[in-house]
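What TrEMBL records for B:5-120 is domain 'Response regulatory'. Residues or ranges marked as 4-aspartylphosphate in TrEMBL: B:54. TrEMBL lists B:136-201 with the feature domain 'HTH luxR-type'.
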């Protein structure tokens, strides 16, 4: 009996110990879970904190920050962005395509830039926007790709700002320039009128002579029809020549925006020489051309550059006439300076410019002519500079004056391309 | 007159060709030159005719060409200037400097052709006189120095006797020289002789 009681007691004790042990393990386990949870919560908190901080930065960012999907859907946008696109509430733009606020003529360009970002490039682009409120604005965007943990690009992060005012100022400056150039062209119109009259008189005289020659022969009755073909062809040609003169005049006078095209500079030089031919002849000045063959084309507005060359030619001719120079020659030279640059040079055998004055010749209203306005060289320099070139004067008193300007060449020669190629490989 | 040539000098080839086409309707020969220098280099002074010249030309102008031709002091054909718009002053200067005439562009064809005819007639007349002058020169050149001396005194109105005294010759010898002079110069009378001597002096 006693032995039985001892056995029971032992059993109970073991059971108790085991129970306590299990209990203790359980509590340990619970504690561990609780700790894990706390740790997890901490991480979540920290993540939340980070996100809040980022969000606060983005929300308070004065420039538009937005996320876009590859198809142009706006995923997120900050308050500055909402204001920029003219949205009252986030849902006005979030979930919609960004193209709703891009001017139609810029949509393709915008798409092209987006495509580049989703291919991994960082890009900067300007575009015209029509906001949800209908305002037209110029925007500049810096866009970079956003990647997930595996490195896949899932969104475009764009920072955009309104550059309308800046653009407007730029536009104003350019308009002003265009206007100045037009005024300058118009002021030379008077001088040109005589030139145009002469240019038209030549073909008209020829037409009259050919036509009268035909009539006289027809009235005399001793002419075969076939003999009249050549003079009649001449008449047609001369009528076209007169038309060409008129086209030139129209081009010259028309108020126009800058039109940059690939230009053969030698052609522009010849055209300018032709335009000023009469003035040169009147002042007994000989104009000689030294044009480099096989010039690369330059990126320019041909009418404006023609205007610059006309200006330089007129200045030279007038200076030589004014000084009664015995030998009056103007040389117009084109040459290749290097891969990127073509140089145009107009030099004369005139009196030259005093060293003290050479720096002033480009100033507005500076003139040495009795009835000059002093705009020609100032405008010429602006035109050349708007083409990314430089116009410079060089002179020695008594030894003539040389004006040089440069223009950017487009397209390099094959030889240069090859050299560049071999440098990289 | 049918062998007269119109020399056209104009840097504008189309205008030059049209002038040729027009002028050939009146059966005149035409030669064209592209510049004043071209004309000076190739022109044959013995060909009768006239010049039709553009006042304004690159290089040597029409006026300069006229100056150059005048400076040669030999005969040159009459010049008709063609002037453009607003060049009348220049044309006036040209005429003052001896140009035959000028026409202003645009001109009437008949007007130009009439002026050309007049210039050619004038040229023919001038060439005729020129011919006479050179013939006269040739005749005078055939006289001996002594005959020349006698002639000079005859023209001054001296008698044979006076001349004989002045030159230390016999009256008979002076008589012989005088007859020889009359014969060489084809003079029929004393007044003929005097006239010829004066013409020769003027030339």
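Glycine too: its Cβ is placed from the backbone N, Cα and C atoms.
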Counts of helix, strand and coil residues, the domain 'Response regulatory' (B:5-120), according to DSSP: 52 helix, 25 strand, 39 coil
DSSP-wise, what's the residue breakdown of the domain 'HTH luxR-type' (B:136-201) into helix, strand and coil? 51 helix, 0 strand, 15 coil
In this predicted model, the domain 'Response regulatory' (B:5-120) has a mean pLDDT of 88
